[in-house]
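See structure below.
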Amino acid sequence: MGDIMIDWFFHTLKSYPEIAIFLSLALGYYFGSFTYKGLGLGAVTATLIAAVIIGQIGITITGPLKPFFFLMFLFAIGYGVGPQFVRGIAQDGVPQAIFAAVVCVFCLLAPYVAAKIAGYDVGSAAGLYAGSQTISASMGLATDAINRLGLSPEETKKILDGMPVAYAVTYIFGTVGSAIVLALLGPALLGIDLEAACKRYEEEYGGKKQLGGPGTAWHQFDVRAFRVRERGPAVGKTVQEAEALIPDQRVFILRLRQEGKIVDATSDAVIHAGDVVAVAGRRDVLVQLIGEQAEEVDDRELLAMPIEGVDVYVTSKDVDSKTLEQLAKAPAARGVFLRKITRGAIAVEIPILPNTKLNRGDIVTIVGRTPDVAAATKMLGRPDRATDMADVAFIGAAIAIGALVGAIVYKIGSVPLTLSTSGGALISGLFFGWLRSVRPTFGRIPSPTVWFMNSVGLNVFIAIVGISSGPGFVAGLKALGFGLFLWGVVATTAPLILAMYVGKYVFRFHDAIVLGCCSGARTTTASLGMVNDRAKSQIPGLGYTVTYAVGNTLLTIWGMVLVMLMT
């Protein structure tokens, strides 16, 4: 009975390969979710392993399913990093963008040299590159390039079957090793006390302007009611003059109770002894403003103000590249406090310091009275309202346009050159992602949808690759041997060590962000998390967003370039 059930199961998977794909995804996402100290296989590697095991029974998958999901994935990658990529190329992120490009060259050359020395074929070399640099997306472009080599179908399949083998063997150290090299070895090799460097960075960029810890006046606040005593420092002053008594702190007088009546605190309203004032700010600073002998009052009616928090998508060119300190002086910023700033495709949290610059495409969480929040939102951009509706017409048109452009073949002499449909979809994503950050009236793709296109798009592609190469996987692993793992260690480690020294001594990045720049250029999010943990700060993330955008793009394209170098 058991044999009959197994035979039926295998026969069903062969007859309906879509079931095998979903089964690979289920197993991959489940086992990929397990981590130890923040490190694990991840969904991509776990899906590949599950697909290879399932593929041992010999399942054939045909049709456009694989390129369909891969194009969707590449577009999502470009769409997510587009604003940071363009900023890095065109504006104030140029040093970090150039650094990322240099690191990407190291990341290409190390596995290329390793593959040449080891004598690997082009498929194994592409897998070695993808695994050691943890850039799964490159396998799609490498596959396109290999298919265009003009080899026989049998030889092409043999080469392509070697790619997932090399990827699976080298990916684990590519992930774990990168985190170890950057977070644990990096500070020692560079002679950096990471925690002290981050504190130094905060002081240099405005952190000491805040009492009670760097940045706290920007996002830690309370609203209290105080009675103004005789001869208090605010007596006889207008609201604007009273708020200016402590220039380095964000303190706002919101309402007044004068002669029993509640009035809004306009900038020219005069404060008198005996008034009850509703003030927003840190409590120790509030007492300093009103006077040491200030009497706190439980005036619930005065304090009953509508307070709201809003996520704002920054689109205004008037605030682009402005520091928080500059923006705080704008009338529209009065009465508003920052809770959080996130940036980039993976929503890296940016430290809140007076000299922190806002960029178009950032999402800032602001809190304050409803009218104050509305004014600040208008100054910054527009509310980033949650929605479950994606502009599918835009997605389809954008991917189609990119793929059409990529399909064009350019001839230089007798040499045909093409971006391929994959490269076209990636570039389309970059362009339209940037365009939406400056013209957010179209092309809405909610973050969960971008995640789905990114994650599921890649993993369906990986599942099909694994299932198709399953029968030849074991034979390929035996042929490549343990030496492949060691070459993967070399290909992972060498570029990172070079990157750290180049970042510190050639580009002269601040000690607090140099490892974040290296993490971004290698697109290794696990490393950034470990670096932040070592630093006990979010400061290293300031070096991550631009380098990640450039690195993610170039490392993906390198999959095609590596095939050209190997042939």
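Here the Cβ of each residue, glycine as well, is placed from N, Cα and C on the backbone.
Taken from Swiss-Prot, the feature transmembrane segment applies to 15-34, 41-63, 68-90, 97-119, 170-192, 392-409, 413-435, 455-477, 481-503, 540-562, supported by sequence analysis. Summarising the annotation, Swiss-Prot assigns domain 'RCK C-terminal 1' to 211-295. According to Swiss-Prot, the feature domain 'RCK C-terminal 2' maps to 297-382.
The DSSP breakdown of the domain 'RCK C-terminal 2' (297-382), given as helix, strand and coil counts, is 23 helix, 29 strand, 34 coil. Within the model, the domain 'RCK C-terminal 2' (297-382) shows a mean pLDDT value of 86, rounded to a whole number. Tallying C-beta pairs under 8 angstroms between the transmembrane segment (455-477) and each of 41-63, 68-90, 413-435 places 41-63 first. Tertiary proximity for the transmembrane segment (481-503) is limited to same-chain residues at least six positions away from its ends with a CB under 8 Å from its CB atoms, namely 99, 102-103, 106-107, 109-111, 114-115, 117-118, 120, 124, 128-129, 131-133, 165-166, 169-170, 173-174, 177-178, 181-182, 186, 189-190, 509, 514-515, 517-518, 521-522. Within its own chain, the transmembrane segment (540-562) is flanked in space by residues 74, 77-78, 81-85, 87-89, 93, 96-97, 99-101, 103-104, 107-108, 111-112, 122, 125-126, 129-130, 133, 135, 137-142, 144-145, 194, 198, 343-346, 348-351, 420, 423, 426, 430, 509, 512-523, 528, 531-532, which lie at least six positions past its ends and keep a Cβ under 8 Å from the stretch.
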